[in-house]
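Visitor: Here it is: the structure, laid out below.
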Amino acid sequence: MELFYYMVFGALGAVVAALELSKSNKDRVNTSAAFNSFKNNYLLVYSLMMAGDWLQGPYVYYLYTTYGFGKGEIGQLFIAGFGSSMLFGTIVGSLADKQGRKRACVTYCITYILSCITKHSPQYKVLMVGRVLGGIATSLLFSAFESWLVAEHFKRGFDQQWLSLTFSKAVFLGNGLVAILAGLFGNLLVDTLNLGPVSPFDAASIFLAIGMAVILSSWTENYGDPSENKDLLTQFKGAAVAIASDEKIALLGAIQSLFEGSMYTFVFLWTPALSPNDEDIPHGFIFATFMLASMLGSSIASRLLASNSTRVEIYMQIVFVISSASLLLPLLTNFLVTPSKVKGGGITFAGCLQLLGFCTFEACVGIFWPSIMKMRSQYIPEEARSTIMNFFRIPLNIFVCIVLYNVNAFPITIMFGMCSIFLFVASILQRRLAAIGDKSKTEDWAMMKERDAEAEPLNVP
């Protein structure tokens, strides 16, 4: 492996370590023992859930190829997963508000375990069922757990600022450290122990089962709106009205869809971007480097969110601009650096520049997750939290399905340019959200001052 990869990984690791070790008492928020116990319980469950998810990711495409399926058939399987997340996942996720968030989290575990079991079959129809189940599980992963956490946090009377601590630590562990360890563990099972490409899915099932046991034994149930007279259609209408009537919620949904759509497109495109002429690149090591960059971002986010002087709506404008510039690199290097025509070999100079840009984007992803969670906790109404969050995923899944279907229709550079434009638009929408938030706070302060003046007794001489 070339020295360049070790240098990038080592530099990122050193910065992450320095940031974490340099945290002073000023950077830490004083919390209660009860909150710390609650937070650690959630982090344990979330890490187990993400381990079950990360173990599968690197081996899904590879497993399908070992069963003899071509690129077109594999593309259809992936589209089925995102389409399922959009259609069935939205319905199942919305039921969490009415039937209970804890129950929805348990449903996630069962659904994803069943999806893992289907990977043992080489039958296309069975694998398709597995992708549908996986799509439903993905919707629950990104809505039910967060909804349970927010509701339970406030139900127990914890300080609102402490919620940011849980968000940033969950991303640092679940989307960073656990992802790296899962990648190494999966590599151990498949390559070192030669247990075959299905072994990571079996390991994922075990982690999910352990997490489900922890949920069943230690979590309490909470609901959004448990009223008996509200059916699913009424919930959908209520969520749609909330999005349409509140510009802040609509902006938040658009920002999330634009960023996550670009992020999922990046997941499909980074490999051919770094090896356009079949260069020999260490995919697993690069993946671990990306996850380390994401850990760096979440470490930065924890400091930003802990600061009372820094508003999430403000700094996220800068994050979106930086992420837009980082995904523009493949397009720029295509014009500024003479492309190599030699097949094979090591990574090119243009590839090195792009790798640095991609690590910058992953750091932005690490900042994005806890920050968007924080904004969702502020703006989305509690009674329809899971429903609205799954509504946000509908345009995201449509976008990813379109990209997958047309992945060979456009050059990679054009698709990266498109993602860069989307991220820049997200920064503009974020600026608008910040302006509305300032205006709302000003109006609330004026109303409070007026109410206090009316309540003040008259001084009669």
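Each residue, glycine too, has its Cβ placed from N, Cα and C.
Remember, TrEMBL labels are computer predictions, not curated facts.
Feature annotation from TrEMBL assigns transmembrane segment to 6-22, 43-62, 74-96, 128-150, 170-189, 201-219, 285-306, 318-336, 348-369, 390-406, 412-429.
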Visitor: So, taking each listed stretch (74-96, 128-150, 285-306, 390-406, 412-429) in turn and counting its Cβ pairs to the transmembrane segment (348-369) that are under 8 angstroms, which one gives the highest count?
Guide: 285-306
Visitor: Is it true that the transmembrane segment (412-429) and the transmembrane segment (318-336) have 3 or more Cβ pairs under 8 Å, skipping pairs fewer than 6 apart in sequence?
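Guide: Contact criterion met.
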Visitor: Given a Cβ distance threshold of under 8 angstroms, which distant residues of the chain, six or more beyond its ends, lie next to the transmembrane segment (43-62)?
Guide: 74, 105, 108-109, 112, 116, 141, 145, 166, 169-170, 173-175, 178-179, 181-183, 185-186, 190, 197, 200-201, 203-205, 207-208, 210-211, 214-215, 219, 283-284, 287
Visitor: Contact between the transmembrane segment (170-189) and the transmembrane segment (285-306) is defined here as three or more C-beta pairs under 8 Å separated by at least 6 residues; is that satisfied?
Guide: yes
Visitor: Same-chain Cβ contacts of the transmembrane segment (74-96) under 8 Å, 6 or more residues past its ends?
Guide: 61, 64-65, 103-104, 107, 127-128, 131-140, 143-144, 147, 224, 232, 235-236, 239, 386-387, 389-391, 393-394, 397-398, 400-401, 404-405, 407
Visitor: Can you work out which residues elsewhere in the same chain, 6+ from the ends of the transmembrane segment (6-22), have a Cβ less than 8 Å from its Cβ atoms?
Guide: 285, 288-289, 292-293, 295-296, 299-300, 303, 355-356, 359
Visitor: What else in the chain is close to the transmembrane segment (128-150), if you only count residues 6 or more beyond its ends and a Cβ gap under 8 Å?
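Guide: The answer is 42, 45-46, 49, 53, 77-78, 80-86, 88-90, 92-93, 96-97, 101-102, 104-105, 107-108, 111-112, 114-119, 163, 166, 219, 222, 224, 373, 376-377, 382, 385-386, 389-390, 393.
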